[in-house]
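What follows is one structure encoded as structure tokens, with my remarks underneath.
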Number of protein chains: 2
Amino acid sequence: MRVFNFSAGPATMPLEVLERAQSELTDWRGSGMSVMEMSHRSGEFVSIAAQAERRMRDLLSVPDDYAVLFLQGGATGQFSAVPLNLASPGAPAAYLNTGSWSAKAVAEGRKYVDVRVLADEKESNYSTVPEQGSLEVPADAAYLHYTMNETIGGVEFPYVPDAGEVPVVTDASSTILSRPLDVSRFGVIYAGAQKNLGPAGICVVVVRRDLLDRARPEVPAALDWKAMADADSMLNTPPTLAWYLVGLVLEWVEQQGGVAEMARRNQAKADLLYGAIEASDFYSNPVQPAARSWMNVPFLVPDSALEKPFVAAAAEAGLSGLAGHRSVGGMRASIYNAMPIEGVQALVDFMTDFEQQNG
Amino acid sequence: MRVFNFSAGPATMPLEVLERAQSELTDWRGSGMSVMEMSHRSGEFVSIAAQAERRMRDLLSVPDDYAVLFLQGGATGQFSAVPLNLASPGAPAAYLNTGSWSAKAVAEGRKYVDVRVLADEKESNYSTVPEQGSLEVPADAAYLHYTMNETIGGVEFPYVPDAGEVPVVTDASSTILSRPLDVSRFGVIYAGAQKNLGPAGICVVVVRRDLLDRARPEVPAALDWKAMADADSMLNTPPTLAWYLVGLVLEWVEQQGGVAEMARRNQAKADLLYGAIEASDFYSNPVQPAARSWMNVPFLVPDSALEKPFVAAAAEAGLSGLAGHRSVGGMRASIYNAMPIEGVQALVDFMTDFEQQNG
């Protein structure tokens, strides 16, 4: 029996996608082989790959002057790729620090560029994002980097920062396709797949083509956006199985009604869960309301000794993956596109029961 | 109906492995979720990952003073990782050039080190490897890099080069687990999975632990062997689905009788196919007999106009992926571990028929 899986990533996937992949796993549509056995140069796989790219472009309305890449190495690979592709050694680059993931991007960036942290939400205990309009982005910065959503802290930007002529680069790993996004506001959008797009092991990078001429010579080939764009992301053997699965997820999003419908569902799910937390004196969420994540909802109980019993009893009830990140404790429910509202309702019902027994 | 797939990689996989993965794809052993949906920090996935590592260690008899890593970025990622982890900027490093893949490793190495090509088989038209004992490896070289098997040229080293105290680094992508290997002769062995180990999107790196302190500060985190070794290859989210599939392939190799049995089968397959080529005046193989690959068998017909008809008629007969690499033309049969001898026999029978009709 399938459980409701609230894991932050790798995360739950649509059952229809898994069943489709299952049915094709030993023989893809009469080809006599699994997708994972196909040459990436074969007509079959090239069409699978191109279709995934087309769906990504359609769903996000990606303008034509942007390349869409499918790379290995995850968002962590892009923490290095961003400075290596966009900035000279030691050039200034602006970063916003709103939690664990942006701090990692900052640390990796320091290997390559002169990182200027324009806003550091450590002082707010990572409970919010910088106020809109408060940022002064240096005009000589190679780019402004920020993390659209902090998976661990449950903090999400409700706006796109304005950096003037400086290209805005964002890690959209946990928000991509969860709501509409104006791609033209960005220089680069990158996202590890394992939250809203598919399995771990593939990362989508959407990059404005005029930024493809800035790479330093020593960028590793596997992280070289220009070389990858020129080779349709097949400079070397791509992660074909993961790419195919991302394509199936994109097809599913399309069939459900696209990003607008995802946004409608995700807002309803977030309203339900945050509403239950707000209505209770037992549960709490530490994030300022305007910056609360639609995707990752951390919550606390009055006594941390109740955390383990909560997580264990929830797992017994078929609600899996609710422990908070080991660095912060508490609980966390990740409610990505593939989590149905029935799962959130089951969680809210369980929370009510747990409060009655322990409150 | 499944075909015999002679693709050079991604390549055919054992049907038993695909069927096992298929049966577990929506619910892994009662966990209520697919492996690809599991948190990489979950007990279930950590045990899947550890078991794959243990099997790799057992099958290759990896000594305890070697780390075994499961990384993203493919062998191409390791073309950069090798110099970045082992050598200072501009330090001398020795390379052997025996074909297309070693040439790519050389080109990538030149971004980071002073590449010394000790032997260049371009002059032999990549039809052999350097004679054993002919190499003079500079004592100040950071490492000696060679490609154990050239997938495109069908050239394989029948020996391990001796480099004295200089660590030997090898790209074993298309030979790993095809026959026994004395790991202790190497500093580093790396292999993209998509030939003998599983799907594309994961790369195994076996590295002697005393070499883990040589990385330069600017190695990207996703390619940082030391950081990955310290984190059990989970510095960031690993390609969990691919790792699991590699584990299933390793279990299959174990069940078949291990690497010694793979070697017996692979020798029989290679003998059968090269024997048929040798016995014919119609087919030819350009590689010197001592350096012929057990894994990738290129062959020519007397008239290149017959190549397309050969490949097309073979595909009709259920023998797929026989076109030579686009850079060299001709035909090529890749006969990795998962290709049964029945497939090679079917190919030889087809070749005989084709010769009778066209010879």
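Cβ atoms here come from the backbone N, Cα and C positions, even for glycine.
Keep in mind it's a predicted model, so treat the numbers as computed, not measured.
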Select one of A:Trp101, A:Trp225, A:Trp252: the residue that TrEMBL places in the pyridoxal 5'-phosphate site alongside A:Ala75, A:Thr76, A:Thr151, A:Asp171, A:Gln194, A:Asn236, A:Thr237. A:Trp101
Maximum Cα-Cα separation in Å among residues A:Ala75, A:Thr76, A:Trp101, A:Thr151, A:Asp171, A:Gln194, A:Asn236, A:Thr237, which the record lists as binding pyridoxal 5'-phosphate: 31
How many Å lie between the Cα of A:Asp171 (pyridoxal 5'-phosphate binding site) and the Cα of A:Lys195 (N6-(pyridoxal phosphate)lysine)? 12
Least surrounded among the recorded positions, given as A:Arg41, A:Lys195, when other CB atoms within 10 Å are counted: A:Arg41
Which ones, of the binding-site residues A:Thr76, A:Asp171, A:Asn236, A:Thr237, are Cβ-proximal to chain B (under 8 Å)? A:Thr76, A:Asn236, A:Thr237
Around the Cβ of A:Ala75 (pyridoxal 5'-phosphate binding site), how many other Cβ atoms lie within 10 Å? Please give the count over every shown protein chain. 27
Could you tally the C-beta atoms, other than its own, that fall within 10 angstroms of the C-beta of A:Trp101 (pyridoxal 5'-phosphate binding site)? 22
Cα-Cα, A:Trp101 (pyridoxal 5'-phosphate binding site) versus A:Lys195 (N6-(pyridoxal phosphate)lysine), nearest Å, comes out at 14
Sorry to bug you, but what's the C-alpha spacing from A:Arg41 (L-glutamate binding site) to A:Thr237 (pyridoxal 5'-phosphate binding site), rounded to the closest Å? 9
Compared by Cα position, which of the binding-site residues A:Ala75, A:Thr76, A:Asn236 is the closest one to A:Lys195 (N6-(pyridoxal phosphate)lysine)? A:Ala75
